[in-house]
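The region 'Disordered' annotation in TrEMBL covers 1-41. The domain 'Glutamine amidotransferase' annotation in TrEMBL covers 53-248. TrEMBL lists Cys128 with the feature L-glutamine binding site. Taken from TrEMBL, the feature active site, for GATase activity covers Cys128, His233, Glu235. The feature active site is assigned by TrEMBL to Asp276, Asp434. According to TrEMBL, the substrate binding site annotation covers Gly363, Asn499.
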Amino acid sequence: MPPPPPPPQGAMATGAANHPLPCSVGRPKGTNQRRRPASLSVRASSDANTVTLLDYGAGNVRSVRNAIRHLGFNIRDVRSPEDILAADRLVFPGVGAFGSAMDVLNRTGMADALREYIRRDRPFLGICLGLQLLFDSSEENGPVSGLGVIPGVVRRFDSSEGLIVPHIGWNALQITKDTQLLQGADGHHVYFVHSYHALPSDANRDWISSTCNYGESFISSISMGNIEAVQFHPEKSGATGLSIFEKFLSPNSSGAKAPAHRKASKLAKRVIACLDVRSNDNGDLVVTKGDQYDVRDHSSSKEVRNLGKPVELASQYYIDGADEVSFLNITGFRAFPLGDLPMLEVLRCASEKVFVPLTVGGGIRDFTDGSGRYYSSLEVASEYFRSGADKISIGSDAVFAAEAYLQTGVKTGKSSLEQISRVYGNQAVVVSIDPRRVYVKSPDEVQFRTVKVSSKGPLGEEYAWYQCTVSGGRDSRPIGAYELAKAVEELGAGEILLNCIDCDGQGGGFDIDLIKMVSDAVTIPVIASSGAGSVEHFSEVFEKTNASAALAAGIFHRKEVPILAVKEHLVDSGVEVRMQ
């Protein structure tokens, strides 16, 4: 994982200073101003409803905050090493790169405080990098020494044999130790997103409370006394994850969880609900749906199709069992100051109710607002992450970056894709590809990768290449989907959202030819999009391609095909999915 951004002044972010007020209905304009801390040296207390959070200012920890508050607890932020030692319960949701995190911890004196806190066997919960930092060292940009609490080295997953890296999605735990934290988690999927992992060994065997299999068996959680840490993200693992959080925060609570419909056994295929968000003619944000990217009704009104309110729909899809929720901002809002972008408020509100991953795309680029203030794409992405996004999706900007890279063979490091993946890690960056099918009689007619299509073209053509577009499908570019996918993987993308303009809104199924071509070509996850019209289309794309996830919009919005019906069909078809 690339290094996180520089920490805020004073090395530790204060939650009160860096996080907006909780979402509320009818909030007047201007009330999302950030609160200032009442004191610069607040210490952890013995308040039974207060949790101390170690947040050094990198990435999205808003979801952890929301989960803690959702369970009825307050948060005290670490501002000094003494705050760690004074904590009654400490949560460390590590974000970013191993080396950069250790640099911050060592430079601020937090590393020694953490070691002492753990030596005293005080209640501790590490999340993701918060688990990895407990080990002796990591090979990530290293070797780099860790806290040295647990014997072992953190290594990258090996993709040389075709394993998809990062490991993104809902995987099953193999519980090896009877711990209160994981009671009820057996048989359920939890959400992982990482490229590095710690391996079990004789030296660390006593620490391990569960393992997970992805190419090989790796450590998914540890437990020793009051010290707990997990590689997965409980704050993004739905009801199961909230139950795990509750057991740490309230050790005497049962945190009961209903039995799973089917015992989890391996990495699940994901079903993602997508919400296209834009302003209608009255200026209200609505969820809409296009027909080959046209979002206006074909009636005399020509109004933007209004299929619901973004936060309400996202919350319902979470309840219905969506594995992720993706927002696509299809209105520019370029005249707005960055802090007032309407999608930020949508994210803030949704993240308080939706405890699965949130992705946002659209408008992730450099822009200048109406007052002449310039914002870099990294600033835009950072604001989305702080507002609750777990991943951001880049479209047009990634196409231009890929074209430049293929022409020169040089990674400048200046594109939005490269900058954001370097700061937040490639697992946080999705590239959205919007191609249009172009039929040819022979592969020799074009310089781009072609496929032999399942259905012949209008003139009997047996082959096609997929020409990429920008600006919401309006402008075609001289690059194919295959070439673009390969290039953005090299530039730092961690996932590909693969659309198809020809199939969008048609309900005839995913473009299997396109998805198979791209998912066979890259070693990062591919999300199949565009064309779903029935439950059978989901099983078809998983059975015939290497897609890791399938996304739909209109059929969910119009209640034509419920998410639960999709998952039950996939279970019947022998496809591993997460069932609530």
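Cβ from N, Cα, C; glycine included.
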*For the active-site residues Glu235, Asp276, Asp434, which one has the sparsest Cβ surroundings, going by other Cβ atoms within 10 Å?*
Asp276
_Distance [Cα-Cα, Å, rounded] between Gly363 (substrate binding site) and Asp434 (active site)_ = 15
*Do you see any of the recorded positions Cys128, Asp276, Asp434, Asn499 whose C-alpha is within 10 Å of His233 (active site, for GATase activity), and which ones?*
Cys128
_Neighbourhood of Asn499 (substrate binding site) by C-beta distance under 8 A, where only residues 6 or more apart in the same chain count_ = Ser432, Ile433, Asp434, Pro435, Ser529, Ser530
*Inter-residue C-alpha distance, Glu235 (active site, for GATase activity) and the residue listed as 'L-glutamine binding site' (nearest angstrom)*: 11
